[in-house]
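Here the structure comes first, spelled out in structure tokens, and everything after it is commentary.
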Amino acid sequence: MSDILQQGPIAKLPTKHGVFDITIFRDKNLLDHAVLSMGDLKDGEPVLCRIHSECLTGDALGSLRCDCGFQLDAALAKIAKVGRGALLYMRQEGRGIGLFNKIRAYRLQDEGLDTVEANLRLGFPSDGRHYDICADIMRQCGFTKVILMTNNPAKIDDLKRHGIEVIAREALEYGRNPYNENYLNTKESKMGHLLHHQD
Ligand SMILES: Nc1nc2c(ncn2[C@@H]2O[C@H](COP(=O)(O)OP(=O)(O)OP(=O)(O)O)[C@@H](O)[C@H]2O)c(=O)[nH]1
Ligand SMILES: [Zn+2]
């Protein structure tokens, strides 16, 4: 049974990178996930794709604690450059624990814990995200083959488990800075992220 309740209409979304199509998928928890796309996604060719987890602080407020805002910008730019692709903006704030709890975790990190330890201290898994709904959204958008822009192998594995063919991974390393250095190193050492310090 799909978690998607409803897909809204497609509208135009002009951005600094170009004009995208935007459509919203409402899930059974009434979370509204956005898909920004360009070009024909239904022609059977692999789609350049980004699954982006919501990060209010990084995406909208310019936080340097993480790399999210930089990755969001870079992914949209890459799709626009090719003229074809999709970005799934998933409402998985704080790796699924929500904004309130993410900032509680930030406070613990200010006191010396790393990003994984902070989640565990609060009684959450280090990463509470699942990608089955992303696979459903992709199918509904008309594609099952992707070139995925990510450094997180868990996303690739989970998508494959849910019937999406990940033809290739494209690294997405942007925005490394003194404020997120430890955070990125912990993602590499404890969460298996494929980071090669390209920035
Ligand atoms: N709980 C928690 N969530 C965080 C923290 N920092 C960033 N996030 C959230 O983590 C999510 C982004 O996940 P990341 O681990 O940065 O990257 P990823 O999506 O797994 O992997 P990429 O595809 O390579 O970007 C967003 O939802 C952020 O809000 C943190 O310290 N604690
Ligand atoms: Zn972030």
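Cβ coordinates come from backbone N, Cα and C, glycine included.
Among the candidates Cys49, Cys55, the residue that TrEMBL names alongside Cys66, Cys68 for the Zn(2+) site is Cys55. Annotated GTP binding in TrEMBL involves Arg50, Ile51, His52, Ser53, Glu54, Gln71, Glu93, Gly94, Arg95, Thr150, Lys155 plus, out of the candidates Thr23, Thr115, the residue Thr115. Put simply, of the recorded positions Cys55, Cys68, Asp127, the one whose Cα is nearest the Cα of Thr150 (GTP binding site) is Cys68.
The average per-residue pLDDT of the prediction over the domain 'GTP cyclohydrolase II' (11-169) is 97, rounded to a whole number. Ranking the recorded positions Arg50, His52, Arg95, Arg129 by how many Cβ atoms sit within 10 Å of each one's Cβ puts Arg50 at the top. Its own atom aside, the Cβ of Glu93 (GTP binding site) has 19 Cβ atoms within 10 angstroms in the protein chains shown. Checked against ligand 2, the recorded positions His52, Cys55, Cys66, Cys68, Asp127, Arg129 give Cys55, Cys66, Cys68 in sequence order as having a Cβ less than 6 Å away from one of its atoms.
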